[in-house]
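> Before anything else, here's the structure in question.
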């Protein structure tokens with residue numbers, strides 16, 4: 001679907017290595033996917049694989065993440081307002097050309113009706129509002145093994161059908177990728193090596209009314 005099928009989002013696979021003694025770890029492999037937002041990751045519950053206090057130096061982690069730190073989509077601390085989107089309103093983007101060109105004076109049976117300019121403008125605004133698919137953002141806790149821990153994740157508005165008559169729904173058509181740090185451990189319990197590695201996380205950036 002558009003840029004999402006061409007994008008390379010995360011494929012989250014939990015694999016077990018070295019029998020039962022090793023940590024099930026997150027393997028990142030680029031793979032085309034239409035499944036956004038990213039499903040919740042099932043983590044190894046053993047706190048032995050959590051970052052320690054000395055691993056959470058904000059200064060060090062900011063330096064490691066560098067220019068990838070985007071305060072618009074990531075937060076170190078729990079945001080005060082978890083719902084980051086206002087209720088859907090009249091779209092601020094320009095009205096699509098196909099709506100502007102819509103001929104309201106001709107019926108499906110070939111008969112013509114008279115529609116005033118004001119009535120036409122009002123109807124097109126209503127239709128644009130009805131079929132518009134906004135991206136709704138909410139803050140999501142990725143857990144202690146990601147830094148920054150909180151991500152502003154996008155979802156397509158899905159409380160009702162976006163078509164008239166009903167039948168179509170809002171679906172993601174574009175995504176942006178943000179880079180986070182993932183605390184990753186390899187090896188056996190006492191001989192394991194843990195470090196922060198960069199991982200890419202796709203976020204829905206545009207939705208469209210489609211079948």
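First residue shown is number 1, and so on along the chain.
Backbone N, Cα and C atoms are what each Cβ position is placed from, and that goes for glycine too.
Straight out of TrEMBL:
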type	residues	note
DISULFID	133-170	disulfide bond
DISULFID	156-207	disulfide bond
DISULFID	162-209	disulfide bond
DISULFID	185-194	disulfide bond
SIGNAL	1-22	signal peptide
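Mind running through what each feature is packed against?
Within its own chain, residue 133 (disulfide bond) has 156, 157, 162, 170, 171, 207, 208, 209 as residues 6 or more apart in sequence whose C-beta sits under 8 angstroms from its own.
All protein chains included, residue 156 (disulfide bond) registers 21 other Cβ atoms within 10 Å of its own Cβ.
Taking the Cβ of residue 194 (disulfide bond) as reference, residues of its chain lying under 8 Å away and at least six apart in sequence are, in sequence order, 49, 51, 55, 183, 184, 185, 186.
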> Around the C-beta of residue 162 (disulfide bond), how many further C-beta atoms are within 10 angstroms, looking at every protein chain?
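Around the Cβ of residue 162 (disulfide bond), 22 other Cβ atoms lie within 10 Å.
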